[in-house]
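Asks: Here it is: the structure, laid out below.
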């Protein structure tokens, strides 16, 4: 220490800042991360570990552990997400049955497990459900997850408390009978697990980019447990949720999704050893002529998607802007009460939505007791159970048709008002229910038409009397896919999830025809899916990979400062004092400042982050001697030549980003958008023949895109 | 015209070049495309069509057609690829049987279709097969397709003649009994279809970037018809083959893959209405303890992958560098003859490899006549056919074990020498065969062990006497997945293809365990899969998405000119004559030149492509008056001020790229590699505080990466 002090004092002080100081490289809340920077930080860390690993066996073991931590995190996520999903399923089951009664022998048994039915307990408990929802104050949907994955910081959104509250409230909400599904919240629960486990490994906790890899995989695990569809879950995460999805993540996501699915299966909450939520088995193939009703269902799905997105967004905007938003608990209570009262009389709205979908997907076997299978049997028939010909509909089917029509209207209306309330809510199940009801109705219609009019040209070729031509359950499934596609605009993942549910390639063509039609119809009315719409509504800075930017604007049209605005706030490399910089920081709220050679030449040498400047100055003032307000700050290798009596200069080269991203002012905005998207930039500097002209931030890009799409650019709110 | 002539002559001449001249925007053979440029060109085209579409109904219809052409191309690719695959399958069937005889009633019938067996015709025809292969002079594997998709121009590789020759030779080669599969060539055939159809639509034929979208989808269709696994095909294309894979392409690829698969199924070449190549149905679940042999098979697969890649690459290098390469036809004849002679005596090598795999995958039912199912039946047993307990092996099984061991050695050796010969060859089938043989042998071993030693601790828990515990067919499947994974390093797509083949999630865990183990074991010996290894061997400029670049070098270490080299060849914006530029072009072979304000200031204003410079000068000299060798070329908006008697200046701003990509000299190479990869750049300029320092091309990046990996940088050959 004494020796060091005896050496050139300024040299010692200069090197002081070369050591990292706390909080460097972190982000503030509601800010966007810089992907390139995160990536390069991870490479540094990796390089350090690799070079250290040759030093000792202990370091080598540590490097191995580091290399394996990704897989360990995935395993843990899969195990926990699967377990939680199982617990939630069991609890929902139990709570749903609690409406009917309680198992006297063991109160934690659900109705089914208890095998005990009580006719004395009434359904009055149902009305108490809303009160439980007091606990659930978290607005939740996949749009937040999607924004976080695109590189946005929302602290606490994926914390441990969120995980706990979420898990509890999800049980309450799903069992309350509201028109919502559990896949959205399960994705959130899985992401909380991912966040929790990644905080255990420094590789992930200290790098926001790496953390998002884990979260993408966790989202896949969430969908995997919601539907028992691991491949579909991974594709869903790839297509719909994730922003940054390297191939390594694909493989790990698949691993997490599989572990989660098999953990859930070994818990076996549905008691049937099935992995999938709706297991179906059909016995008849489909015929070419049936493509026509399938495509009609696709059109219906597209229209439903458009209607739902428009109405739901309008309602949510109303909630955001009027006094309604101030009473979230009251809103939940009112909606639940109305749902409960209207839903009760109709058997198809009274049962849980998953059960309803299951029943609608089901093919009518000979022994089926459901009202939907009340066909008039031919008493002379002695065919095997599986291969029942089309039969005329009985009274039950006709009653069911009316009830289904009412249920359809009810579900459509109530889902619009339910999604977006301040409770954990998923959208898949209600959307699928709407489609399944419509599909089953169309299916029964086609079936009866084919039975009564065998001689019509369209039926003559494929439907002889006594044959089993039409499977109404398949129509329900096609309808469900169409409606889900219309709302979410998923494509491949939708078909794959449906494929995993049915387990046969046989029915992929109908599903795909409906999904394609539905997407086209819905896209014709507006390109946004429900998640993007909610992201826009909330003003999150999300740069969608799917949006095409085709306008002719140039970087110069978007960059700040605009014409007439004051010049860009820049730092010079060796002529500003600490006080100058502190004033600049106080007077502006920019996230960073370009550093130029001098104000005259305007030649760019780097970029300094606001947060790091503040930290560096604070640190230097506290811990470094001789740093006063008059100290010159310099970003060059060597300190500038100063008069003899001037205070110690402050070296800040360490915090200078020497490779800021630049484009020329003539660069088409299309290319700029592409660069921001693919490289995950936070800002980009604009130059013309080497001179710094301005800066474009992600927010500027998003606002420009909003403006070009005739939207309000001020709707983009965060940095 | 006269009016225009009366106006400022130079203005008229200046604008002359603002019209496009032929061949601008194309690439030379064996060059890399610039993705950003292609993308921006497509946006221009799209903008033009959109604005025109408002002018008249005809233009509107044209714009609709343009928007739909992507789907039309996919449909056509699917139809043609499926049809070709069906035709190939039928022809192979017929040709394979031709070895045994010919159908007298209709010669185009295969053995099976003809239902006619001749004992008079001998197997002598087999030896004639090699002669047919004279037609097939095209070295083919997926590595070329992969390189083309990454943005490399190889003209004629995907042409119509290739399609025709390929289809014919594929039939000959597969039926010849050589140790190779048809999936590689089918991918090539599908890509030829894609190339053919995209040449019909100007949207695709004129834009190399858009064309690659179609080719990626076509590759998916190729895998889809090779295995009957459309989802696996799409994932394979995403994971293994493609470079640029936007989400829009994902959906279209899926469409093409499905159409191809269903076209193939409606042709029904295997006569069983099955979509998949190897349809299997197992009746027993797997047990936890079995994971141990599955993981062992994974280790075997990894070792096989390493061995195969090393030996095959060594042999191919030998072929490339020694005189051996001069006699491709002789080599094919010799290998085929040796294959035929050695393969004939052993029944497992005599039959076609697909049949062998089918037999090995198969579960032994009670009525199975195969030698592999020659178990000693308990005569007292009267169980249902499906649920046969483990039985002791009969003589046939022991014979089969010896024959399989010999077949394994034979397949391993012969595949190493066969893959890479100048014939269409796929690798999936031989790899799977190696794994399936090993797996079946392990499976039979475990089965007999479990039967004879019920009391061992490891068996006691899950295998009581008289139970059906071990399915040797499942071991064969796991082994096949492991070996395929070891060679290709596929992960998710491998599991999904296998999942589609079996149609049940039940067996995903064993498959995944084996695939993960195999990949880890193989990666421990070398990161390259067989396709990457062949790409390296051929020196194609392929920037792998999966390679991680973690070295600490900076852009300044990689850029040209190096220290001591002559300065960078640049153009100045308004002081060089046509002759100066022509000399520069003649003396150098660079693909383009940066344009700077002046040699002193070195401030960059743009980048001009060599090819376009040449074309522009040639055009101007031919068609524009007053352009002589002394004409000043200028890239500014306004012509420079010239003495009165100087010749007409030549305006070249039109060919100037005003938004060249720049990085600073301090940019880490890791970031530079990322930028090249994600944006698909061809070159990037290096600046320091606004001054042009040098240039980095894709080739420089690849050479640097090779150098860092201790490989020969001169192995990267093309631009």
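Just so you know, glycine gets a Cβ as well, placed from its N, Cα and C.
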Asks: Given A:448-473, A:474-499, A:500-525, A:526-551, which one carries TrEMBL's transmembrane segment label?
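Replies: Matching range for transmembrane segment: A:474-499.
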Asks: State the residue range annotated as transmembrane segment by TrEMBL; the candidates are A:367-386, A:427-446, A:567-586, A:587-606.
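Replies: Feature transmembrane segment in TrEMBL: residues A:427-446.
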Asks: From the ranges A:116-140, A:241-265, A:266-290, A:291-315, pick the one that TrEMBL records as transmembrane segment.
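Replies: Feature transmembrane segment in TrEMBL: residues A:291-315.
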Asks: Suppose you had to name the range TrEMBL annotates as transmembrane segment; which of A:189-213, A:214-238, A:614-638, A:639-663 would you pick?
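Replies: When A:189-213, A:214-238, A:614-638, A:639-663 are checked in TrEMBL, transmembrane segment belongs to A:214-238.
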Asks: State the residue range annotated as transmembrane segment by TrEMBL; the candidates are A:39-56, A:93-110, A:327-344, A:345-362.
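Replies: Feature transmembrane segment in TrEMBL: residues A:327-344.
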Asks: Is the transmembrane segment (A:427-446) in contact with the transmembrane segment (A:291-315), using at least 3 Cβ pairs under 8 Å (sequence separation of 6 or more) as the test?
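Replies: These two segments touch.
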Asks: To the transmembrane segment (A:474-499), which of A:68-92, A:163-180, A:214-238, A:327-344 is linked by the most Cβ pairs under 8 Å?
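Replies: Selected stretch: A:214-238, with the most Cβ pairs under 8 Å.
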Asks: Pairs 6 or more apart in sequence, C-beta under 8 angstroms, 3 or more of them: is that satisfied by the transmembrane segment (A:327-344) and the transmembrane segment (A:163-180)?
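Replies: Since 3 or more Cβ pairs under 8 Å link them, the transmembrane segment (A:327-344) and the transmembrane segment (A:163-180) do come into contact.
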Asks: Look over the recorded stretches A:68-92, A:163-180, A:427-446 and say which has the most C-beta pairs under 8 A to the transmembrane segment (A:214-238).
Replies: A:68-92
Asks: Taking the domain 'CBS' (A:559-625) alone, what is its mean pLDDT?
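Replies: So the average pLDDT across the domain 'CBS' (A:559-625) works out to 87.
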